[in-house]
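Peer 1: According to TrEMBL, the record shows the following:
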TRANSMEM  20-42  transmembrane segment
REGION    53-75  region 'Disordered'
TRANSMEM  94-113  transmembrane segment
TRANSMEM  125-150  transmembrane segment
TRANSMEM  171-194  transmembrane segment
TRANSMEM  231-251  transmembrane segment
TRANSMEM  281-299  transmembrane segment
TRANSMEM  320-342  transmembrane segment
TRANSMEM  380-399  transmembrane segment
TRANSMEM  420-444  transmembrane segment
TRANSMEM  450-475  transmembrane segment
TRANSMEM  482-499  transmembrane segment
TRANSMEM  551-572  transmembrane segment
REGION    623-643  region 'Disordered'
Amino acid sequence: MSSPRSTMSDSIREMYQFSVVDYCMFGGMLILSAACGIYYGFFKRSTNTSSSSSECEDEQDHLPEAGVPAKKPTNTFGSATIDEYLLGSRKLKAFPVAMSLLAGYISGVTILGTPAEIYNFGTQYWLIAVPILLMGVAVCTVYLPVFCSLKLNSSYEYLELRFNPYVRSMASVMFVINQMLFLPMVIYVPALAFNQVTGFNIYVIGAIVCVVCIFYTLLGGIKAVVFTDAWQVVVMFISVVVVVIIGTIALGGPGVIWDRAVEGGRIDFFNFNPSMYERQTFWAVLIGGFFYWTSYNAVNQTMVQRYMSLPNLKTAKFSIYMFVVGTAIFVSVCCYTGLLLYGKYYDCDPATVGLVTTSDQLFPHYVMESVGNLRGMPGLFIAGVFGAALSSLSVILNTTSGVLLEDILKGLFRVTPSSLVANIVVRGSVVVLGLAAMGCLFIVDKLDGILIVSATLAAIGNGTTGGIFTLGMLVPWSNTKGALAGGIAGALLSGWISLGSQFASAAGEVVPHKLPVSVDGCIAELITNTTIVNPIYPDESGVFPLYRLSYHWITPIGVTTVVLVGSIVSFLTGPRDLRYIDPELISPVVHRFLPRESFSYFGTANKGPTCVSEEMQTNIPVDSSAPYGTAANGQNGRVKAHN
């Protein structure tokens, strides 16, 4: 016989179930996503194979020669060329790309996890909006000009130009493994939320979403991904904002929510505790958040590929500024949602009485309990969560397929495939990766180990690759041996910390100190046969110090290790002669410190056409002994002074 508590829990879950309207809203989101793939795959694709123009290229480069007819598409399936499929022929617009960047980062994990973080640990994490904005400035100033000048298909190709193929292979292989392990997580979290509010089988809904995502990514390429992301992020934002507005009004306004949060100890923006062991502090959020966001958004191929789909540096900067402002706003809304959840459950914690089993289920539970009786609202919310999942999934599929072609097949194995083979490899990779993600759904909720491995590799990837790119762009004298040594050292140290902390947490040696909750306001049926005990936290003084570090510090440690070890090893093994380095490989912020002789080699590292941005031109010193209008013996007249 079931207990009164179980009966009450079941009745609450059954009270708010998906209606026909909710299913229609969710189904409409899937149908529109598939339609984008068909539209951009067959009706809105390019009719020529020429590369896109930029503000630095001459128009005649794109005109057909006299008597020679224009080239026709090389295939009739989806995007006409690989350049169009992966980069949209570098002709995309700033706003949809900005929305795609936002949608690609804001996954279902963010929508469900951020409110839970605020609910359990307070508002200190809300300050993450500050490093997000600072990250935008750093990316546009330090990293983006280099990628725009080189006009590469893959960010990791830079590492071969700057160092050697082994450094490129190390970073690209790490990226592919990390993305393959992250794929099932992107699908599983929203599928779990959908299961909670509908009872629908997790694996079936996950498979349906995967198939839809594979379909429109396979057909439309980066164009379908970007423009589908753009309207999906609108659905995301509207779904969360509408729920928040209705919930705020129902509780009596922001003042009531704020007062309850203050009384419950949730308001804390200036925790200046210097301890690196505390989960959320002012320093951890600002410093750790800046390193993490910059490492990911500056050099990760999922982001750089969309930067490169824009025609020029100015447009790319504008897109990034829109992205960071939008992200800061969206994350702030998610943080406020955490306060809303606490305002609702300040005297009856759902986890304590067994209404939810994990913190990530708090928000879906709130939606069903608070607005589940409004037809269409649960469907809108779940459509928003799955829109976030679809956008992240499509970006990973499109980007990883490009890395497999450019960095693994061409870079690592030195294979130069024909256009037909390249198309088969890229589109085949999308299908295989999507099917692999579907297969992993069956094990992701049964094996805790994959969660540990995924979190570990994410920390390794962000810290290591961010450090290597920073070493290459900001430390001109660094050499290949320094990059390899720094990369290995950073990966080992960040992996050691991350893996050790995961195992210490799994063993119960390190437990996050959640803020107190109450069940004083729960109805009697929910607390019957429930023993309420205050949590007892273990003594962590005997745990190895590195395993106790806040997760915010893993990426800064990784980046710093790579740069320090790489710089030292480069000095010990013979620093690079700066007179012969190509300044195009170095960030413009460092150009003023380079010897004048080096600018005669500008553009020599990249064999393709060089586009010198205005920002770079202003940093090229003019040699007074050289002919007027040339920079320091500019090779073949390729570099012109900015007068």
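Just so you know, glycine gets a Cβ as well, placed from its N, Cα and C.
Any idea what these are sitting next to in the structure?
Peer 2: Distant neighbours of the transmembrane segment (20-42): 77-79, 208-209, 212-213, 215-221, 223-224, 227-228, 231-232, 235, 375-380, 382-383, 386-387, 390; these residues of the same chain sit at least 6 beyond its ends, with a Cβ under 8 Å from one of its Cβ atoms.
For the transmembrane segment (125-150), the list of distant contacts is 114, 117-118, 157-158, 161, 269, 280, 282, 285-287, 289-290, 293-294, 297-299, 304, 307-308, 312-313, 316-317, 320-321, 323-325, 327-328, 331-332, 335, 469, 473-474, 584-589, 606, 610-613, 615-616: same-chain residues at least six beyond its ends, Cβ to Cβ under 8 Å.
Residues of the same chain lying 6 or more positions beyond the ends of the transmembrane segment (380-399) and with a Cβ under 8 Å from any Cβ of it are 22, 25-26, 28-30, 33, 86, 100, 103-108, 110-112, 179, 182-183, 186-187, 189-190, 193-194, 197, 209-210, 212-214, 216-217, 221-222, 224-225, 228-229, 232-233, 235-240, 242-243, 301-302, 305-306, 364, 367, 371, 429-430, 433-434, 437.
Taking Cβ pairs closer than 8 Å, the transmembrane segment (420-444) reaches residues 74-75, 77-78, 82, 85-86, 180, 183-188, 191, 202-203, 206-207, 210-211, 213-214, 217-218, 393, 396-398, 400-402, 404-405, 409, 450-451 in its own chain, all 6 or more past its ends.
Under 8 Å from some Cβ of the transmembrane segment (551-572) lie the Cβ atoms of residues 276, 279-280, 284-285, 287-289, 291-292, 295, 459-460, 462-464, 466-468, 470-471, 474-475, 477-479, 481-483, 485-487, 489-491, 493-494, 497-498, 501, all in the same chain and six or more residues away from its ends.
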Peer 1: Among 171-194, 281-299, 320-342, 482-499, which stretch has the highest count of C-beta pairs below 8 Å with the transmembrane segment (94-113)?
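Peer 2: Selected stretch: 320-342, with the most Cβ pairs under 8 Å.
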Peer 1: Who are the chain neighbours of the transmembrane segment (320-342) in space, where the CB to CB distance is under 8 Å and they lie at least 6 residues beyond its ends?
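Peer 2: Sequence-remote neighbours of the transmembrane segment (320-342) are 94-95, 98-99, 101-102, 105-106, 110-111, 114-119, 123, 125-126, 128-129, 132-133, 135-136, 139-140, 144, 233, 236-237, 240-241, 243-244, 247-248, 251, 257-258, 260-261, 264, 266, 297, 307, 362-363, 366.
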